[in-house]
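Q: Below are the structure tokens for one structure; questions will follow.
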Ligand SMILES: O=C([O-])CC(=O)C(=O)O
Ligand SMILES: [Mg+2]
């Protein structure tokens, strides 16, 4: 008997954020019959759940006007044969056995008696019917039984591939507990071991072998209405270096957060890994490695593959497609952002997302320390994407607040790289993104000497070098400042410049501390200190939602500043009273709605937003767009 068929279908209404082709119609695809019995075709039987590849709606009144292309609570029978033949794209109709194996629509034991009858599920499930919250409780219980974080990660990935709504319900309802499982720090270990734990392929792999065929590869992806891509080439995964093709865990994890934290519908998200080889010898010699076994392609070969990708995705998904660059090495990240920033809606999370979250943390930290940003001196260890990105956003914000020229405000920020303090005498040998930070000063080799000399009020680690903030460094910061601001941002936990415990202990409880990876609260001399997690996860989901829902076509620095200010504004007096400089992740969906609204408002102000008319209440609009992980009724 029929289980799943695929056929052509008219998508009908195009909602604000769907991405029709230039002609307003999607490219037809060949009729593909995935599985069919001899007498029933798609749409000809009742009891099928429409799972059209563009989206997603099984019940009326579901909330998102942005991500849903067309409400379809009824079976595909509504499409006439003529429509099926003449019109583009595909609709899948799943029922019975294949409905249980369709992660987007599977409800497992939550299928009701009526649904079991209507969708040919009788006998395929044991008699009990469980509510979603009971399923979530059971899954959480099972996950908690694993002691090893990687096993928890694997259980979560299995769930995502089995029952997407339950995955998101679990993640959203228990975000503080499960964020470190599906994201930093565990995702770092998962990428390192991705080959040996590999079970279900997630995301799209584009390797050098697909050169010249990327458009075809995009057509293999089951969803057509993609609105956000997170792409990596795996060369600098967190602070762990080159993990080649196994970097896929990062786009997958980031996009899970787009959905869980920002409410962007999973069907419009596409994780991509571009595999140009790896220089990681260990992986090249690992029999379980999943990528191309060759050294990284560079130069023209690399540039051509990336360019083909960028051209293909814009052509296939439209110019409002958001492309988030993630974990590229410095030597490509800045150039890619500059090159494609002019032609595509691109955002580099490591340069811009991290900058935006850190600026928010600095704005709120001033509540404890006093003064304005312009009154502070900033010293960075690490002058790569995060370091220079944050430095620039701080300088921009000070310039905005004081009307001082950017060249002047940059002078408040100093950076140390592996060769020491960045100073003007090094200018000729510096990579271009470091040059704006080469101020007049005598050369200094060691961080500790730079701290003594520059006397920063704020010390920020973006070096990827674990434990680089030594006891002496933290103590020196403490001797200079009543309340030193110390952010040790490198990920995962092993690469953090110092731990929360070290920061509080060595500063005798005076530090305002935040880290990129999560640390538990620290009890120091009877007082509990709660470290902030200054991770771009606070920003990119809401930022992306704001861009998508407003149809914004380019990213502008002012949008990043708007996101920072919105995040800072979400820290309540109660949070401050508890010593927090970031709001709890438990409130992240509300926070994301505010970030999205501020970003969209700024985009409208700058004339970058194309979705007109501008919604009157952008926060409400953002909330209304958000994906709900609750099960829907299949009539
Ligand atoms: O993924 C994270 O946790 C933050 C980030 O972008 C990075 O460290 O590259
Ligand atoms: Mg990153």
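Backbone N, Cα and C define each Cβ position, glycine as well.
Remember, predicted model here, so these are calculated numbers, not experimental data.
Straight from TrEMBL, here's the annotation block:
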type	residues	note
ACT_SITE	183	active site, proton donor
ACT_SITE	254	active site, proton acceptor
BINDING	236, 491, 535	(S)-malate binding site
DOMAIN	160-341	domain 'Malic enzyme N-terminal'
DOMAIN	351-604	domain 'Malic enzyme NAD-binding'
Q: Just to confirm: which same-chain residues, 6+ apart in sequence, have a Cβ under 8 Å from the Cβ of residue 535 ((S)-malate binding site)?
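A: Correct list: 184, 357, 491, 516, 517, 518.
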Q: Which secondary structure state does DSSP assign to residue 535 ((S)-malate binding site), in the simple three-class scheme?
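A: Note: residue 535 ((S)-malate binding site) is coil by DSSP, not helix or strand.
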Q: Which whole number of Å gives the largest C-alpha distance between any two of 236, 491, 535, the residues noted as binding (S)-malate?
A: 17
Q: According to DSSP, which of helix, strand or coil covers the residue listed as 'active site, proton donor'?
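A: Looking at the DSSP assignment, the residue listed as 'active site, proton donor' belongs to neither helix nor strand, so coil.
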Q: Between the Cα atoms of residue 254 (active site, proton acceptor) and the residue listed as 'active site, proton donor', what distance do you get, rounded to the nearest Å?
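A: The separation of the Cα atoms works out to 7 Å.
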Q: Can you go through the recorded positions 236, 254, 491 and pick out those with a C-beta less than 6 angstroms from ligand 1?
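A: If the test is a Cβ under 6 Å from any atom of ligand 1, the answer is 491.
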Q: What residues, ordered by sequence, lie under 8 A Cβ-to-Cβ from residue 236 ((S)-malate binding site) and sit at least six positions away in the same chain?
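A: Sequence-distant Cβ neighbours: 242, 327, 328, 329, 330, 333.
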Q: Would you report the average pLDDT that the model assigns to the domain 'Malic enzyme N-terminal' (160-341)?
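A: Across the domain 'Malic enzyme N-terminal' (160-341), the average pLDDT comes out at 98.
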